[in-house]
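Q: The structure that follows is given in the form of structure tokens.
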Amino acid sequence: MKERTIQPVNNGLNGNITIPGDKSISHRAVMFGSIAEGKTTIKGFLSGADCLSTISCFKEMGVEITQNGDEVTVVGKGLEGLQEPKAVLDVGNSGTTIRLMSGILANTPFFSCVQGDESIAKRPMKRVTNPLKQMGANIDGREEGTFTPLTIRGGDLKAIEYISPVASAQVKSAILLAGLRAEGVTAVTEPHISRDHTERMLEAFGVKVTREGKTVKLSGGQKLTATDIQVPGDVSSAAFFLVAGAIIPNSKLILQNVGMNPTRTGIIDVLEKMGATFTIEPINEGASEPAANITIETSSLKGIEIGGDIIPRLIDEIPVIALAATQAEGITVIRDAHELKVKETNRIDTVVAELTKLGARIEATDDGMIIYGKSALKGNTVNSYGDHRIGMMLAIAGCLAEGKIIIEDAEAVGVSYPTFFDELQKLAK
């Protein structure tokens, strides 16, 4: 378990950062390229541990995948060309891999067994396995399909019209991917619109997808045709530096190539509402996945209320939003964020516990947290508990604190941002 010491930053964070590739899009590009017909080239791929787990799983099913830096080539096998894996498919720490891949495996006539690390073993799978069973897939797991390892034997599926109890892009995507070979029209309706990378990318691969309000539909029997994918920078990774630029005195950061998919930009809306000073320069208007360069500088923030439809658009950014709120004048209330409890850690409990160690005034609620600003943070020993987003949030907190912060289990950040600490060090000079 590696630890990392973060010293206070005296002269602010300044400079340019090129944000690494979007994790969600990188996963999907490999998966969709694998089940497409033809050769797909992916540029800007994120070489984090999670996305490498996706590559490993599809290689295990006979897909030819080669990687050269951030460029990946996938020679697709088509929906019917995947081979039965000889070994257990290990997704590591990646919830995206196991949930989306389950939708693909539900289509396959062969047997597969899927597992991950200790964190994955605690995460709820029934939200995916239940609808896939309704479609006709044979899926089982611990506690009646609630937890990994999962065993899957797919086959002939029937389309369903599924009303999802949660706004989850992973649940929606698993069902849509299963629907590609299902008989009939598969439809998923959510309580709020979740991120739509799957819909956008399926369309890029030639699949017709219909969107009607909170419902997404596709007809079975459609094939994917290989295409080239340009992956923009991950706005969830950018979020840590957006907040850092806003709350660390004497800072000015230029973040290049930040993905601006409107289902993911809740962090931008929240920072704007809190009073952050930034400019956005679009760089690829008209692309399937829009991107921009963002300049942000030290700002005076105020507390706000966050809840409702915006939550699915910023669910992964809530840990660092909570940090921003500790440096805002007034009270910030975050609600409707039950999904935080089933992430890599229970992020409500983890955020509250670790920021409290640093002197923040913050309370957990059943569906979020209440943060009382403005707090002077102090040095202490904290822990990521294997959660990459907690680790990065604590590192930004360390730049502000009076005294050094020691982060235990700091290597967890490699899941989504392998060069994070190098970037932070460079900007602090």
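Cβ from N, Cα, C; glycine included.
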Q: Given that Swiss-Prot annotates LYS23, GLY95, ARG123, ARG347, ARG389 as phosphoenolpyruvate-binding, name the residue from GLN67, GLN170, GLN327, GLN425 that shares the site.
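A: The one candidate that Swiss-Prot places in that phosphoenolpyruvate site: GLN170.
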Q: Would you count the other CB atoms within 10 A of the CB of ARG347 (phosphoenolpyruvate binding site), including those on all shown protein chains?
A: 25
Q: Check each residue in the chain of LYS343 (3-phosphoshikimate binding site) that is at least six apart in sequence and keep those whose C-beta is under 8 Å from its C-beta; list them in sequence order.
A: GLY95, ASP316, ASP387, ARG389
Q: Nearest by CA distance to ARG28 (3-phosphoshikimate binding site): which of the binding-site residues is it, out of ARG123, GLN170, ARG347?
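A: Smallest Cα separation from ARG28 (3-phosphoshikimate binding site) among ARG123, GLN170, ARG347: GLN170.
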Q: Please report the three-state DSSP label of ARG123 (phosphoenolpyruvate binding site).
A: coil
